[in-house]
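*Asks:* Before I ask anything, here is the structure I am working with.
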Amino acid sequence: MSVTVKRIIDNTVIVPKLPANEDPVEYPADYFKKSKEIPLYINTTKSLSDLRGYVYQGLKSGNVSIIHVNSYLYGALKDIRGKLDKDWSSFGINIGKAGDTIGIFDLVSLKALDGVLPDGVSDASRTSADDKWLPLYLLGLYRVGRTQMPEYRKKLMDGLTNQCKMINEQFEPLVPEGRDIFDVWGNDSNYTKIVAAVDMFFHMFKKHECASFRYGTIVSRFKDCAALATFGHLCKITGMSTEDVTTWILNREVADEMAQMMLPGQEIDKADSYMPYLIDFGLSSKSPYSSVKNPAFHFWGQLTALLLRSTRARNARQPDDIEYTSLTTAGLLYAYAVGSSADLAQQFCVGDNKYTPDDNTGGLTTNAPPQGRDVVEWLGWFEDQNRKPTPDMMQYAKRAVMSLQGLREKTIGKYAKSEFDK
């Protein structure tokens, strides 16, 4: 039913509206309704030997072409194969049948890249032995380039160097420290499709001898799906099922975002799906599962997790422009309910020596909180408290955050510390 808004002075009817300044989300299933292939554009006019030299010298000089990188990766990886032990399909695309031997690029549709190939500097000293570590290095730079935090960036680069040295003991980094020529590679759709294809392939063939190539590609999986990760983290830290966690959603904004994420038919729970790579495969330009598109859910879930002593939640990003008051209260109530009850039950017995709980709780006052985690009981109790956090709830939250130190600005940890440790 529509609501009519009138100006009191003259009964003029107005229709309040906000500007449509955000792009709508795009679901992976919708992509495959329009197209049955993921095109990958590669220039294949140069030999692998030439491309190997172009990439090697280009990295050392700081003037490498992403077209050379993509062409080299294709040439070096196209013969890697794996044998399926089960049928593999996703969104109606038949990738392979059980017993088939498939390659990385069977996940995409190869197309010729038109245009003139940039010049490159040859290097006759480079051999096919480089193909055992150079693809790992090129793919690893994708992961390094995605972070701008200097300490973490150095840690990732050191890890990449160690991975390459495990293959070639004489390996030395080709990109000098401080040079960031590879940061923009993530803007090239063909490069990101190669990254996604490599990770999806080795996720299926985890024991493949080249599976270490996932060092750099693993961040492509569930990219821009932070809110979905929040849901999974909340289920783990509460020890509750997805259904039970969902019943604890008490805010309309969170419910709307949950419904957005749980749209049927998106293969969220299918491990070998294209879905986790919706961004890098170009299936979606606006993920329905990101913290940007689900700020209320992300905040509520991470705050609840933090109050349940999650170390991971402390550095979660604090969204802007959300209804903090109600979301904070909802997160506090949920965390207090879980933290005040232990979901303990005898799991095994010897003979018939089983504990039978006494249903007679007796001795409880009307002001005492429920002993379980039933949201209906807790909401009834919260109503009796005039829908305001009790002193014990506030003390519980303070104990959860009082020891937090070194918190970064605009994080859930920083927000909770300032909110509860007063």
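Numbering starts at 1 and runs along the chain as displayed.
Placed from the backbone N, Cα and C atoms, the Cβ positions cover glycine too.
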*Asks:* For the RNA site that Swiss-Prot describes with ARG143, TYR152, LYS206, ARG214, LYS286, ARG317, which of these is also annotated: ARG7, ARG52, ARG408?
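*Replies:* Among ARG7, ARG52, ARG408, only ARG408 appears alongside ARG143, TYR152, LYS206, ARG214, LYS286, ARG317 as RNA-binding in Swiss-Prot.
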*Asks:* Which one is it: of the binding-site residues ARG143, LYS206, ARG214, LYS286, ARG408, which Cβ has the fewest other Cβ atoms within 10 Å in this structure?
*Replies:* LYS206
*Asks:* Quick one: of TYR152, ARG317, which of the binding-site residues has the smallest count of other CB atoms within 10 A?
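*Replies:* Lowest Cβ count within 10 Å among the binding-site residues (TYR152, ARG317) is TYR152.
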*Asks:* Assuming the binding residues for RNA are exactly those in the record, ARG143, TYR152, LYS206, ARG214, LYS286, ARG317, ARG408, what is the maximum CA-CA distance in angstrom, rounded?
*Replies:* 36
*Asks:* Could you say whether, by DSSP, ARG143 (RNA binding site) belongs to a helix, a strand or a coil region?
*Replies:* helix
